[in-house]
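To start, the structure under review is shown below, and the notes come after it.
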Amino acid sequence: MEKANETSPVMGFTLLGLSAHPELEKTFFVLILLMYLVILLGNGVLILVTILDSRLHTPMYFFLGNLSFLDICFTTSSVPLVLDSFLTPQETISFSACAVQMALSFAMAGTECLLLSVMAFDRYVAICNPLRYPVIMSKAAYVPMAASSWAIGGAASVVHTSLAIQLPFCGNNIINHFTCEILAVLKLACADISINVISMEVTNVIFLGVPVLFISFSYVFIIATILRIPSAEGRRKAFSTCSAHLTVVIVFYGTLFFMYGKPKSKDSMGADKEDLADKLIPLFYGVVTPMLNPIIYSLRNKGVKAAVRSLLRPKGFTQ
């Protein structure tokens, strides 16, 4: 009987969440809920203004609208599950629901990495080659760029999710996380996961290594071009066109590298605190970055600020 239990297939997973710290659940429920509402409102407004305001019908704002829609999809694929885990300690999720949530989160994260790269290319052309910008970044070019980002992110997600769901899961079905995070799920497989690990490493190169290098080189050329502008006013205007995107890139990749690059504590007394931090840092990464994106673009972009004011101002009202 005991042997049968160990080898019986897993039909679902148990998400631990903050069950070990029940005193924090209500606080984080309110905090994450408020942040999620800000994400929906902020990114929803950005999508509206990029659609309704004809002045924003340019490649940069088209990519920004895609980024806002992606942030809404990314958080919606995980935040409701997180909020439910605060209300239902050790929540159980079915195998199929876990696979769907894992696929959506992976697809959105991969697509965002590529979208940020495409946006960097857009800023590179606008500043380093402004006379050819209308030709290079025509609608026939920038729409396929965005569509390709979504397609590649989705394809990578399908590959990783397909490899993960083919693995046998038996015995332990407890995920020490808020959601079905793919690395946490793979740890529960009772089979060799070397193919999964190799595919994850290849994906990291495609979605992290290549975009970071591409964005870095783009901004090296952008900064070099800006510094060659003779007037201080010209340099300020040129930098203002890419400062919002650069800030978003720093926040996105800075948090990501901190999350996966921070050293592990060797102090056994700090194991519990480290376990809590390992769960909270990805959680806040998943909500803070999408929340900050519309705020950054609203504060640092005159076009967006003007469009938002125009949207909120009653018709017929003049100052």
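A Cβ is built for glycine as well, from the same backbone N, Cα and C atoms used for every other residue.
The transmembrane segment annotation in TrEMBL covers 28-49 (among others). Counting residues 6+ beyond its ends, the transmembrane segment (28-49) has Cβ neighbours under 8 Å at 18, 56, 64-65, 68-69, 71-72, 75, 79, 82-83, 86-87, 283, 287-288, 290-291, 293-295, 297-298, 304, 307-308, 310-311 in the same chain.
The feature domain 'G-protein coupled receptors family 1 profile' is assigned by TrEMBL to 42-297.
Feature annotation from TrEMBL assigns transmembrane segment to 61-83 (among others).
Look at TrEMBL and you will find 103-121 (among others) tagged as transmembrane segment.
The annotation transmembrane segment is assigned in TrEMBL to 141-159 (among others). If one looks beyond the transmembrane segment (141-159) by at least 6 residues along the same chain, the residues whose Cβ comes under 8 Å of a Cβ in the stretch are 59, 62-63, 66, 103-104, 106-115, 118, 121-122, 199, 203, 206-207.
Remote same-chain residues near the transmembrane segment (205-227) are listed as 109-110, 113-114, 116-117, 120-121, 123-124, 127-128, 152-153, 156, 235, 238-239, 242, 246, 249, 253, 256 (criterion: CB distance under 8 Å, separation of at least six residues from the stretch ends). Summarising the annotation, TrEMBL assigns transmembrane segment to 205-227 (among others).
Taken from TrEMBL, the feature transmembrane segment applies to 239-260 (among others).
Taking Cβ pairs closer than 8 Å, the transmembrane segment (280-299) reaches residues 32, 35-36, 38-39, 42-43, 45-46, 64, 67-68, 71-72, 74-75, 78-79, 82, 177-178, 181, 244, 247-248, 251-252, 255-256, 258-259, 262, 305, 308 in its own chain, all 6 or more past its ends. Residues or ranges marked as transmembrane segment by TrEMBL: 280-299 (among others).
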